[in-house]
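J.: Pasting the relevant annotations from Swiss-Prot:
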- 71-76, 118-121, 154-163: FMN binding site (BINDING)
- T324, L358, R392, L393, Y394, S395, T410, V411, A412, G425, G426, A427, S428, Y604: FAD binding site (BINDING)
- S524, R525, K530, I531, Y532, V533, Q534, D566: NADP(+) binding site (BINDING)
- 65-203: domain 'Flavodoxin-like' (DOMAIN)
- 236-453: domain 'FAD-binding FR-type' (DOMAIN)
Amino acid sequence: MLLKELSSLASPLSQPQVEKLKQLTAELNAVQLAWVSGYLAATANASGNLAQLAPVSDAQAAQTVTILYGSQTGNGRGIAKALAEKAKAQGYSVNLASMGEYNVRQLKQETLLLLVVSTHGEGEAPDDAIELHKFLASKRAPQLNNLHYSVLALGDSSYEFFCQTGKDFDARLSALGAKALLPLVECDVDYEAAAGQWHADVLSAVKPLIQTTANVVALNDTSSALAASESEFTKQNPYSAEVLVSQKITGRGSDRDVRHVEIDLGESGLRYEVGDALGVWFSNNETLVDEILAGLGLAADTKVTVANESISLKQALIEKKELTQLYPGLVKAWAELSASPELLALSEDKEQVRQFILHHQFADLVANYQLKADANLDANKLVELLRPLTPRLYSIASSQSEVDTEVHLTVALVEDEHQGQARFGGASHFLASAEEGAEVKVYVEPNKHFRLPEDPQTPVIMIGPGTGVAPFRAFMQERVAQGAEGDSWLFFGNPHFEQDFLYQTEWQQYLKNGDLTRIDVAFSRDQAHKIYVQHRIKEQGQTLWQWLQNGAHLYICGDAERMAKDVHQALLGVAVEFGGLSSEAAEEYFETLRSHKRYQKDVY
């Protein structure tokens with residue numbers, strides 16, 4: 001029966017091949033058929049060419065759940081992959097792909113579409129979702145009256161444009177006539193429970209609309225990042241690594257504490273590419289936890305339940321709960337618990353909340369806004385109020401071509417002062433305080449959107465002020481190992497030359513050896529008027545434009561809030577002044593570079 005259906009569908013097999021397949025399968029028992037099925041699936045997966053399959057026919061599309069993900073980090077990919085596996089287990093035929101690898105012309109043939117998408121920057125689509133996002137917003141987007149869909153949006157509520165890209169997809173699909181299986185699901189940084197519930201709900205919603213095909217399941221995973229060779233060590237199962245070095249690399253007179261951290265990956269087998277990030281799990285500072293407990297009058301040894309585990313309240317606050325990053329929901333909840341008129345008024349103003357959380361931590365709420373008498377905040381209610389601790393991502397500052405089983409980071413200690421009280425970033429303080437031999441739980445977070453050119457002859461322009469220089473240290477190590485002959489140009493900036501020139505001797509050695517073609521620096525406080533990297537870009541605009549015309553790849557790493565925007569504006573100015581482009585054409589020019597992977601950003 002199945003082979004008869006195969007010959008009538010848009011099969012990639014010729015009729016003689018179908019006949020041969022019939023002859024072979026007729027001679028096999030059930031066990032042998034199962035073995036052949038697995039063998040063929042593995043062979044197809046290993047070929048790496050699944051993305052090139054011809055579009056499915058309408059008959060096939062009606063039997064297929066298409067799951068697309070767009071995510072700057074691996075969170076969206078992980079959620080989508082887990083959903084695909086659950087759908088497969090229930091007998092559904094599944095097409096799983098990154099939005100960046102999806103053929104938008106296939107959209108009008110889809111009948112069941114499940115999207116997982118994050119939001120990047122100020123409400124922007126992540127890199128691999130940009131094309132689909134633009135297509136749906138364009139006049140080319142078709143009517144989708146036959147489509148049922150659901151969107152899971154990932155975001156961080158501490159940012160203004162929370163889950164904006166997911167909202168965009170949901171609104172646009174609805175406007176094009178598609179029918180929502182479920183209301184839009186918006187997930188904060190503690191997304192696991194909500195994502196798991198969405199898995200269950202959306203598969204239940206899909207069930208009446210599709211026939212299961214348990215014997216013919218095609219999991220078309222077009223992402224190499226989901227290969228079977230993935231490390232066993234993940235965000236959920238990190239590797240316990242050893243800290244080898246945590247060395248301050250800013251001068252004694254610097255107002256910044258930046259550390260060069262070296263971590264031993266030992267025999268973990270963890271591999272990373274230059275451009276990837278390292279996920280770091282950390283523990284909250286014990287002194288900070290003691291301050292919070294004292295402020296709330298709660299006993300440290302009180303038993304609480306976290307993720308079905310009974311532990312002491314103090315252990316929960318040190319190991320399990322987020323204390324150093326506020327978010328709007330917590331500010332609003334604390335305003336109600338404290339009944340503070342000041343905090344209640346502030347919590348209703350999004351911009352005021354956004355500014356407040358930049359310079360306050362949970363301990364500041366406890367210290368400055370006392371609970372009202374009937375708040376009844378006991379130990380278990382406290383741990384329910386606080387969201388789970390999440391790892392921090394750091395751009396990797398090394399290449400395994402040079403450091404082998406080590407991984408290097410460039411970590412700026414996050415430090416703020418409020419009413420005379422110093423507050424530190426959770427992960428940065430943990431790493432800065434780590435002594436040689438200390439244990440840290442880590443995993444590799446791939447970043448396929450920040451990669452060196454495949455051809456080592458290609459010139460590269462690297463713009464990385466402050467700790468944004470980290471991945472470019474890795475780039476240079478990799479280029480030297482490759483014997484790259486392509487030119488390389490670094491723009492670096494920090495407050496002071498004598499105190500803040502990160503990895504100065506390494507850059508000088510690269511210049512001396514001819515591995516680094518040129519470096520332009522901007523030390524903002526070494527003269528009366530402030531000079532930043534964007535000023536150096538403008539000064540060197542003619543040369544920079546010539547490099548771009550010669551095929552250079554352009555990279556930016558560092559602060560997304562100000563630096564990346566200012567640098568982008570400077571680049572637009574270069575295109576206008578030295579390329580003779582209009583403002584609109586300049587934007588289109590850099591958008592074309594981005595789509596060809598010649599303009600890449602790692603900003604945060």
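Just so it is clear, glycine is given a Cβ too, placed from its N, Cα and C backbone atoms.
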J.: In whole Å, note down how far the CA of V533 (NADP(+) binding site) lies from the CA of G426 (FAD binding site).
T.: 29
J.: For F162 (FMN binding site), which residues of its chain lie six or more apart in sequence with Cβ-Cβ distance below 8 Å?
T.: T119, G155, D156, E186, D188
J.: Do you know offhand how many angstrom separate V533 (NADP(+) binding site) and S71 (FMN binding site) by C-alpha?
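T.: Roughly 29 Å, rounded to the nearest whole number.
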J.: Could you count the residues of the domain 'Flavodoxin-like' (65-203) that DSSP puts in helix, in strand and in coil?
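T.: In the domain 'Flavodoxin-like' (65-203), the DSSP-based counts are 59 helix, 33 strand, 47 coil.
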J.: Which residues, sitting 6 or more apart from T410 (FAD binding site) on the same chain, put a CB under 8 Å from its CB?
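T.: Once residues fewer than 6 apart are set aside, T410 (FAD binding site) is near I249, V258, R259, H260, V261, Y394, S395, A397, T467, V469, A470, R473, L502.
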J.: Any same-chain residues 6+ apart from K530 (NADP(+) binding site) with CB under 8 Å of its CB? Would you list them in sequence order, or say none?
T.: S524
J.: Between all pairs in S524, R525, K530, I531, Y532, V533, Q534, D566 (listed as NADP(+) binders), what's the biggest Cα distance, rounded to the nearest Å?
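T.: Largest pairwise Cα separation, rounded: 18 Å.
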J.: CA-CA, which of the binding-site residues R392, Y532, Q534 lies nearest G74 (FMN binding site)?
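T.: When the Cα distances are compared, R392 comes out closest.
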